[in-house]
Amino acid sequence: KDIDECATGTHNCRADQVCVNLRGSFSCQCPPGYQKRGDQCVDIDECTLPPYCHHRCVNTPGSYYCQCNAGFQLASNNHTCVDINECDANNPCAQQCYNILGSFICQCNPGFELSSDRINCEDTDECRTSSYICQYQCVNEPGKFSCVCPEGYQVVGGRTCQDINECETTNECREDEICWNYHGGFRCYPKNPCQEPYVLTSENRCVCPVSNAICRELPYSVVYKYMSIRSDRTVPSDIFQIQATTIYPNTINTFRIKSGNENGEFYLRQTSAVSAMLVLVKSLSGPREHIVDLEMLTVNSLNYRTSSVLRLTIIVGPYAF
């Protein structure tokens, strides 16, 4: 009967070896993952033998295991590495996450930009990027911006300012007044602007009756006109044309600025025998009001003189728009 030396302990195998009983004898073998070298068992470096690991192999005494690079994890076969979808796992991004092989990329919603950590999003201050983004004033908001306009204007197209015609919307003038809209506001003027001894003959036209002795030294008529211009208008600029309403034969008409041009902001250029153009020669800043009297002096061949005045009220808006 065979004696099992491995069971009886009568073998002489080393402690790091495995005793295998044979019929009539025994054999000393190395455990799995080791190989005999002389009488000793030395570890087999499985990392130098197939099957190889997909990414990294780590040898251990008697065995080995596979490791994956960052962004990957071991598949069920313990050899292959598969990509980890970080966006599905824990979505590390503050706003938008895009998975890529072995990693991920964060992106931000419109109006935001990635911070230095490449994960969080910071609001983009669009108002700082350009001073021309809004016509008047830019207001930064989380993820966006908005344009605002000063009083008397409304935002058009999201960025530009348009004058509000208060005469069509609110019109707070009295019944005996006319409403005149200008850039950025409105003003009320009397429907009858005539002052003694002048009398109203038609809308905005006052006439001094020849029957009144005082009228001989005064202009025959005064016509009231209103206009508005933007602040800081480019100069020189033609802004208003004055023209004779009645043309008499054998007469000569001359035009001049009678008053309201003490600082030399205007120049009157005669354009024909019966008309002249008021030219702005100095830039005006508003809000302010200029009253300019433009006079047309008429002389006939018998040296008869008469004059008429156009009293032009120029309202300069507070802004250049």
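Glycine too: its Cβ is placed from the backbone N, Cα and C atoms.
In the predicted model, the domain 'EGF-like' (2-42) shows an average pLDDT of 90. The domain 'EGF-like' feature in TrEMBL is assigned to 2-42 (among others).
Summarising the annotation, TrEMBL assigns domain 'EGF-like' to 43-82 (among others). Residues 31-35, 101-104 of the same chain sit 6 or more residues outside the domain 'EGF-like' (43-82) yet have a Cβ under 8 Å from a Cβ within it.
Marked as disulfide bond by TrEMBL: C47-C57 (among others). Of all Cβ atoms in the protein chains displayed, 15 besides its own lie within 10 Å of the Cβ of C47 (disulfide bond).
Per TrEMBL, domain 'EGF-like' is recorded for 83-122 (among others). Tertiary neighbourhood of the domain 'EGF-like' (83-122): same-chain residues 69-73, 142-145, selected by CB-CB distance under 8 Å and a gap of 6+ residues from either end.
Counting only same-chain residues at least 6 apart in sequence, those with a Cβ under 8 Å from the Cβ of C87 (disulfide bond) are C93, C97, Y98, N99, F104. TrEMBL lists C87-C97 (among others) with the feature disulfide bond.
Residues or ranges marked as domain 'EGF-like' in TrEMBL: 123-162 (among others). According to DSSP, the domain 'EGF-like' (123-162) comprises 4 helix, 18 strand, 18 coil.
Summarising the environment of C57 (disulfide bond), the number of other Cβ atoms within 10 Å of its Cβ, over all protein chains shown, is 18. If you look at the domain 'EGF-like' (2-42), the same-chain residues 6 or more away from its ends with a CB under 8 A from one of its CBs are 61-63. C97 (disulfide bond): 18 other CB atoms within 10 A of its CB, across all protein chains.
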